[in-house]
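Read through the structure below, which is laid out as structure tokens, and then see the notes.
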Amino acid sequence: MSDRTFHILLLPGDGVGPEVTAEARALLEAVGPAVGARFVFNEGLIGGAAIDAYGTPLRDEEIDAALASDAVFLGAVGGPAWDNLRGEARPESGLLRLRKALGLFANLRPVRVFDALVDASPLKPQIARGADLLVVRELTGGLYFGRPSERRTDEAGRRAIDTLPYTDHEIERIVDLAFRLARQRRRKVTSIDKANVLATSQLWREVATEVGERYPDVTLEHMLVDAGSMRLIARPRDFDVLVTENLFGDILSDEAGVLAGSLGMLPSASLHGEPPTRPGTVAPMFGLYEPVHGSAPDIAGQGLANPLGAILSVSMMLRFSFGLADAADAIEAAVEDALAAGYRTRDIGGTATTAELGAQVRERALARLGG
Ligand SMILES: NC(=O)c1ccc[n+]([C@@H]2O[C@H](COP(=O)([O-])OP(=O)(O)OC[C@H]3O[C@@H](n4cnc5c(N)ncnc54)[C@H](O)[C@@H]3O)[C@@H](O)[C@H]2O)c1
Ligand SMILES: CC(C)[C@H](C(=O)O)[C@@H](O)C(=O)O
Ligand SMILES: [Mg+2]
């Protein structure tokens, strides 16, 4: 096995971010030798931690460091200490700026209900069991980035405005990616919009239909976001690939966390181009990897955070950015093994700490890799 070195910019961020990224890093350090890879970490600050240290949620230095890396791994940003800040000064704007600066328009959020966790979901087992869907969220457009966006548009400061723009190009590239991903799955795309009201959603639906014509082997359905959000927890197995705009994707993916048993279970990859293809066949591409959850201030610093969203994000990084599909498979299987053996953090009904669950996955991943 040839020696391959990968440079990772690690941005732990705030709250539980440092706790879960510590497990992600430990896992990479453990599996590297077993797969002939070396991971070199460069650590930086983002979010509230960067505000405290530098007075800004993201410096140009971190953007440059990201561009010089093979991948970025991020924890979470934000928390009550910075809640009185507004606009660009907020920790969250550091993350938005990073995604935009790196051109990461495609956010992949797989949602899988592990057999061992069917009982951790508040949904009836016959509804949750076997659900396996992929949320493809547009990440660099829409309401998050539309201008004007400001508070205090009147003298009393009691009026605010956000703007929701989308171009056909922005819609086309994300929907096209969703179709290509669907071809590797169950060949169904559900495009979620609010076309009964919003002009951008009418454009979204039109472009999605045009893209769909290029993929006659993939079924396309359109769904309004209100009904879609109900369907997601009423009949989750109806979904395969779900593609939607930035804000809807943010909301729907947290909702989907209910299926998986906890928001702490969900990983994500943010990419800018070619879709990942079958394991082992992808031309590795740059990406940013982060769990879907936030800084969870209510449990931060107590060893209660579920590290599996971060750990499964490591698996996505190995697969998409480093082309190490065997290691990615081993980690996903190790997560399944650890859950089946009963190791759970509190959010999924157990008593294991963040570090204990992380160690269980590491051990099992190494055993699978023969390390
Ligand atoms: N990508 C990000 O960095 C990101 C994502 C979402 C929210 N945020 C920020 O995080 C802060 C807190 O937001 P919030 O409380 O609305 O959302 P959150 O995702 O931090 O937490 C929501 C709920 O899920 C639980 N939870 C989240 N992650 C968990 C984990 N790994 N293990 C166990 N339980 C977990 C929390 O305890 C909380 O009850 C805010 O400042 C928000 O802007 C950041
Ligand atoms: C923190 C916030 C800006 C972010 C988003 O809305 O994209 C978060 O909720 C997420 O899902 O990654
Ligand atoms: Mg979110």
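Cβ from N, Cα, C; glycine included.
The NAD(+) binding site annotation in TrEMBL covers 79-92, 294-306. Pro91 (NAD(+) binding site) counts 27 other C-beta atoms within 10 Å of its own C-beta, drawing on all protein chains shown. Taken residue by residue with DSSP, Pro91 (NAD(+) binding site) is part of a helix.
Among the features that TrEMBL reports, substrate binding site is placed at Arg99, Arg109, Arg137, Asp226. The local packing around Arg109 (substrate binding site), expressed as other Cβ atoms within 10 Å of its Cβ over all shown chains, amounts to 26.
Long-range Cβ neighbours of Asp250 (Mg(2+) binding site) (same chain, at least 6 residues apart, Cβ-Cβ under 8 Å): Arg137. Positions annotated as Mg(2+) binding site by TrEMBL: Asp226, Asp250, Asp254.
Feature annotation from TrEMBL assigns domain 'Isopropylmalate dehydrogenase-like' to 7-361.
In the three-state DSSP scheme, Tyr144 (site 'Important for catalysis') falls into the helix class. Counting only residues at least six positions away in the same chain, the Cβ atoms of Leu96, Asn246, Leu247 sit under 8 Å from the Cβ of Tyr144 (site 'Important for catalysis'). Under the heading site 'Important for catalysis', TrEMBL lists Tyr144 (among others).
Residues annotated as site 'Important for catalysis' in TrEMBL: Lys194 (among others). Counting only residues at least six positions away in the same chain, the Cβ atoms of Ser201, Leu224, Val225, Asp226, Phe248 sit under 8 Å from the Cβ of Lys194 (site 'Important for catalysis').
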The one of Ala296, Ala300 whose CB sees the fewest other CB atoms within 10 Å, among these binding-site residues: Ala300
Among Gly79, Gly87, the most crowded of the binding-site residues [Cβ within 10 Å]: Gly79
Model confidence over the domain 'Isopropylmalate dehydrogenase-like' (7-361) (mean pLDDT, whole number): 95
Recorded positions near ligand 3 among Lys194, Asp250, Leu304 (Cβ under 6 Å): Asp250
Sequence-ordered recorded positions from Gly87, Arg99, Arg137, Tyr144, Lys194, Ala296 with Cβ under 6 Å of an atom of ligand 1: Ala296
